[in-house]
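*Asks:* Feature annotation from TrEMBL assigns domain 'G-protein coupled receptors family 1 profile' to 41-290. Sequence annotations record features per position, and here TrEMBL assigns transmembrane segment to 25-48, 60-79, 99-120, 140-168, 197-225, 237-260, 272-292.
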Amino acid sequence: MQRVNLSMVSEFVLVGLSDAPEIRFFLFVLFLIIYMATVAGNITILVAISTDPRLHNPMYFFLGNLSLLDILCPTITVLKMLEVLLLENKVISFTGCMFQLFFLIDVVGTEIFLLAVMAYDRYVAICHPLQYVNIVSMRLCAHLALGTWVVGFVNSLLHTSLIFTLFFCDSNKVDQYYCDIPPVLALSCSPTYGRELVILTVAGVLGSSAFVVTLISYIYILLAILCMNSSESRHKAFSTCGSHLTVVCLFYGTTISTYVRPSSTYSPHQDRIVSMLYGILTPLLNPMIYSLRNKEVKCALRRVISQVRTAL
């Protein structure tokens, strides 16, 4: 008979960061600056997109969704990490750990599908430019964006329910700075093989589906660019897709290495570094990547900054 919610563990202890006071303070300041820069950068992108009529099109609508996800992702993990570093409060309740993991997987899953949708958008824009307005309408964009959030939610609900209905009876020390699938699974007293298999299968099917859509889209995009006669057109097309492709490579590389493998291969030190890449650095870099490589975004950002200076 399956044991449901019979855990003897009522709280977890996050032990993924240094206990040395001098290093703790340095890390607190460092991650606080990174977090504030991430939030400020992505909010600036959102403000630029919402206030500039020239950015009211499908590409920037999806970019706005990506910026929102890039605010949520570090907020879910970094705020608790800052509390641990500043107040040395490493304890997180069973429910708190469950919700932290749920929202993290929700955001990560949504972003995977959003990147696939953004790749499809670029494919239509470059390979079928004359039909782009008719194919990628704002109504379709809204449905696609909503679909990514719904799939992310359902995927996270499945993963979280599979993990937190396990039996936890011994160690409660999570060897990570937040609650994540591999370190939490490693603490379970119950057999985890069957649930790991389901988790890997679902993650593999959903993740590979999104990856295939992204890959096929960019194969067609690359072929279309190579067939262009004008070097200026090729440069413009590469510039348009370069930002998104850079973000895709960063995000897929780090998330696949973290989640698409059995927990028996879990390495706390290695995974801590990888998780910081996709959970902290990628959301920080995304606004820079898009603003530095996109003239329209740079112009919109200049107008926003100018308006803020005028208001102050």
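Along the chain as shown, the residues are counted starting at 1.
Yeah, the Cβs are placed from backbone N, Cα and C, and that goes for glycine too.
Fair warning: this is a prediction, and the values are worked out from it, not measured in the lab.
Describe the structural context of these features.
*Replies:* Within the chain carrying the transmembrane segment (25-48), a Cβ under 8 angstroms from the stretch's Cβ atoms is held by residues 17-18, 55, 63-64, 67-68, 70-71, 74-75, 78-79, 81-82, 85-86, 280-281, 283-284, 286-288, 290-291, 297, 300-301, 303-304, all 6 or more beyond its ends.
Panel annotation: around the transmembrane segment (99-120), residues 59, 62-63, 65-66, 69, 72-73, 76-77, 80, 92, 144-145, 147-149, 151-153, 155-157, 159-160, 163-164, 178-181, 184, 206-207, 209-211, 213-214, 217-218, 244, 247-248, 251-252, 255, 259, 278-279 of the same chain, lying at least six beyond its termini, place a Cβ under 8 Å from a Cβ of the stretch.
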*Asks:* Using a Cβ-Cβ cut-off of under 8 Å, list the residues of the same chain that are 6+ residues beyond the ends of the transmembrane segment (60-79) and lie near it.
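*Replies:* Cβ under 8 Å, 6 or more out: 31, 34-35, 38-39, 42-43, 45-46, 49-50, 100, 103-104, 107-108, 110-111, 114-115, 117-118, 121, 138, 141, 145, 148, 177-178, 247, 279-280, 282-284, 286-287, 290, 296-297.
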*Asks:* With a Cβ cut-off under 8 Å, give me the same-chain residues at least six positions beyond the ends of the transmembrane segment (140-168) that come close to it.
*Replies:* 2-9, 58, 61-62, 65, 94, 98, 101-103, 105-114, 117, 121, 181, 184-185, 187-190, 192, 195, 198-199, 202-203, 206
